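*Asks:* Before I ask anything, let me first share the structure, which is written out below as structure tokens.
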Amino acid sequence: MTVIAPVITIDGPSGAGKGTLCKALAETLQWHLLDSGAIYRVLVLAALHHQVAIDSEEALVPLATHLDVRFEVEQGKLSVVLEGEDVSQAIRNETVGNTASQIAAFPRVREALLRRQRAFRAAPGLIADGRDMGTVVFPDAPVKIFLDASSDERAYRRMRQLQEKGFSVNFERLLSEIKERDDRDRNRAVAPLVPAADALVLDSTRLTIDEVIAKALAHARQILALS
């Protein structure tokens, strides 16, 4: 009898704290991690490395199908490794991000990457970080969490991150951008950003990250009977 590895899906809007929560869960439980938001960016780098035409859906599909990528967490730091090389910084390049949005428009590439994401499911378990992990990618996951926070709080968090990196930022502009993205994500025709029907909805607006982690762990342990 084949035992299917459990999955904990963490969905939610940008700035809600998904990344921090997922890293903490992966380290605490010693499970695998999937950062779905990085997948398309990694594919762009792989295409550049292998001189595959970015505008060729036919050429990108086999590359997406066999994408050699893994996500490693150590002491709260996430490393994205492509073909043995740490590309954590390279995927944050603005050009890479813009190109990733372009290739995401290819239906067959999306389908290939959907299958590739599902292949991350392996023992002892998987923490899946994204926007449609519980609704589209792993609809059978036993533990689904939708992490949310007010748009004001998410804009404030983003502002602090940018300021810590030395950038001058305008809060109102950040807030406007976040609200616009929320509207797009929640009203798109394919895989809208909504909690799965059986997801635990956690509002992190007035919670510390330690409180969020504790609530998520307690929920997962109750469902999965983890020690």
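Cβ coordinates are placed from backbone N, Cα and C, and glycine is handled just like the others.
The annotation ATP binding site is assigned in Swiss-Prot to G12, P13, S14, G15, A16, G17, K18, G19, T20 on the grounds of sequence analysis.
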*Asks:* Near the Cβ of T20 (ATP binding site), how many other Cβ atoms are there if near means within 10 Å?
*Replies:* 16
*Asks:* Excluding G12, P13, S14, G15, A16, G17, K18, G19, T20, please set out which residues of the same chain place their CB within 8 Å of the center of the CB atoms of the ATP site, keeping sequence order.
*Replies:* L21, L147, A149, R154, S204
*Asks:* Any same-chain residues 6+ apart from A16 (ATP binding site) with CB under 8 Å of its CB? Would you list them in sequence order, or say none?
*Replies:* L147, D148, A149, R154, S204
*Asks:* DSSP secondary structure for A16 (ATP binding site), reduced to helix/strand/coil, please.
*Replies:* coil
